[in-house]
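Quick look at what TrEMBL annotates:
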DOMAIN    23-204  domain 'Thiamine phosphate synthase/TenI'
BINDING   Q53, M54, R55, E56, K57, N85, S127, K156  4-amino-2-methyl-5-(diphosphooxymethyl)pyrimidine binding site
BINDING   D86, D105  Mg(2+) binding site
Amino acid sequence: MRAFCLRYEMRVHNKKIIGEPSLYLVLSEEYGAGRSVMSIAEEAVAGGIDILQMREKHKSREDLLRLGSALGELCRKNKVTFIVNDDPLLAAELDADGVHMGQKDLQRCPLDEVRRIIGIDRIIGLSTHSLEQFQRANTLDVDYLAFGPIFPTQTKDYSIGTADIRETLRVALKPVVFIGGVNTANLGILLKEGAASMALIRDIMQADDVASRTAWYKSQLAKGGINAK
């Protein structure tokens, strides 16, 4: 990760609220099956996506700025929340709606520094990977918490299962987004446990029809139920 705990002149920004239910797509070129991130993002927006996160671990700063600028413009035009992964300086430079931090990221840049960089008017999201970690994060200065990976996924070498979903929701003081291996076959399990907001990568990015797949997820979240495909 880049060294990003530096002084940055904050811009005035109107903070968005992470609503529930929300459908959240994490965009990463490596999971695009040869398709461009922008084309996938455009289709997801057409399907009604609520939140887009740019998660690119291997691009140059120049490429990140170019892609981030295009994604940010797309999101602003369509009233979609735009989040940048890991890097609060980049999020501020792109005038994104917020930044998503992992647990290890906080070792490099503590939350108070992240908040100073992006300001009070932008969103901070934080990943959590156990009930204990979630409970500790619940009172921190963040705007939403991600909990997972719930199911096995190629992006992580472990999964935490569904046993703690109800307790997570019971104690939550802020919106919760469930992530990790979510697909059309297992979404119903999450909904039956009371989950409302989901983050996905591959099952939307690699869909034959991204817009239709996105719209299907949106309809299921709206109903709080599922007719599995």
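Note: Cβ is positioned from N, Cα and C throughout, glycine not excepted.
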One should report the C-alpha separation between D105 (Mg(2+) binding site) and Q53 (4-amino-2-methyl-5-(diphosphooxymethyl)pyrimidine binding site), rounded to whole angstrom, as 16
Which of the three DSSP states, helix, strand or coil, fits S127 (4-amino-2-methyl-5-(diphosphooxymethyl)pyrimidine binding site)? strand
Which whole-number mean pLDDT does the model give the domain 'Thiamine phosphate synthase/TenI' (23-204)? 97
If you count the other CB atoms within 10 A of the CB of M54 (4-amino-2-methyl-5-(diphosphooxymethyl)pyrimidine binding site), including all protein chains displayed, you should get 29
Within 10 Å of each Cβ, count the other Cβ atoms and name the one among the binding-site residues R55, K57 with the highest count. R55
Same-chain residues at least 6 apart in sequence with Cβ under 8 Å of the Cβ of E56 (4-amino-2-methyl-5-(diphosphooxymethyl)pyrimidine binding site), in sequence order, are L27, S28, E29, V37, D63, L64, L67, N85
